[in-house]
Amino acid sequence: MGLLVFVRNLLLALCLFLVLGFLYYSAWKLHLLQWEDSNSLLLSLDSAGQTLGTEYDRLGFLLKLDSKLPAELATKYANFSEGACKPGYASAMMTAIFPRFSKPAPMFLDDSFRKWARIREFVPPFGIKGQDNLIKAILSVTKEYRLTPALDSLHCRRCIIVGNGGVLANKSLGSRIDDYDIVIRLNSAPVKGFERDVGSKTTLRITYPEGAMQRPEQYERDSLFVLAGFKWQDFKWLKYIVYKERVSASDGFWKSVATRVPKEPPEIRILNPYFIQEAAFTLIGLPFNNGLMGRGNIPTLGSVAVTMALHGCDEVAVAGFGYDMNTPNAPLHYYETVRMAAIKESWTHNIQREKEFLRKLVKARVITDLSSGI
């Protein structure tokens with residue numbers, strides 16, 4: 001009888017030990033996962049390329065780039081006729097030269113924006129921290145978070161980002177630009193009077209308050225107005241615009257801003273700030289600066305738009321991109337007389353780093369450069 005009691009007590013003690021051990025392991029594992037979740041982005045920013053081997057650069061891009069399609073992609077697209085849209089082409093080519101690339105990001109913020117950790121922990125321009133109420137108020141009125149139904153239904157989307165560079169002048173690329181399904185324009189770059197070189201079609205116009213066109217008649221019909229929020233005042237400004245409230249010109253802007261945008265709320269979108277974050281830290285390698293806006297760590301709107309297009313388009317092209325610092329007297333933009341030397345005065349952008357990033361994409365045929373400025 002005593003032996004049975006001893007065996008029973010031994011088994012109970014063993015079971016208790018196993019249960020405690022399991023609970024301890026589970027708690028440790030949960031803590032580890034939580035730590036990994038909260039630090040994975042920072043780790044990826046600090047150690048990009050270090051675990052990929054010597055064939056990749058410090059950011060994680062393939063060092064030896066050429067225009068030859070990888071074998072599996074050459075097979076996949078072998079039967080496509082010249083000029084036919086190739087589904088998934090841009091993201092597949094991007095992944096081939098940059099294995100860390102993935103497509104988790106929607107183009108625009110929707111009503112689930114607070115659930116996405118990648119932008120929740122950063123203040124503008126790299127995230128939405130502190131902007132919940134403003135964004136919620138805007139989205140409650142716009143109620144549209146995607147492209148138009150016609151564009152959303154396309155089996156394959158060909159997109160072009162039209163930059164503002166002087167390299168567009170006298171190139172006569174207008175008809176080729178208009179052939180794309182989605183034509184993305186930036187800030188206040190005009191179309192009227194320049195159609196021969198820049199086309200007449202506009203699908204999206206991405207801007208921030210200081211860059212937005214100030215005269216209502218300049219806005220194109222049938223285009224979406226997309227805010228790129230670089231500071232909290234930008235979201236406040238958009239709320240004024242959407243609710244048709246009075247805009248104060250002294251609300252923290254560095255120049256005068258539009259007081260009215262002739263778009264109905266369903267024609268207005270908020271660009272997902274993840275693309276600003278990804279362009280800056282992951283793809284271009286700008287200084288992290290604790291996730292805050294600082295000197296030389298803000299990507300140009302052109303690079304942000306390219307990053308967005310890599311996520312949302314099957315094929316991506318650009319036109320009007322490229323700054324040639326060796327020609328300081330060349331026109332900076334196709335529509336004005338400001339000279340190239342003016343870009344050197346910018347303290348927020350790192351033009352050389354951006355040029356290196358875009359050249360990688362062009363060389364590897366991830367994107368097409370119609371104006372050959374990159």
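First residue shown is number 1, and so on along the chain.
Yeah, the Cβs are placed from backbone N, Cα and C, and that goes for glycine too.
Candidates considered were Cys156, Cys159; the recorded disulfide partner of Cys313 in Swiss-Prot is Cys159. Candidate glycosylation sites: Asn79, Asn170. Fewest other C-beta atoms within 10 angstroms, Asn79. Reported as a whole number, the C-alpha separation between Asn79 (N-linked glycosylation site) and Cys159 (disulfide bond) equals 22 Å. Between Asn170 (N-linked glycosylation site) and Cys159 (disulfide bond), the C-alpha separation comes to 22 Å.
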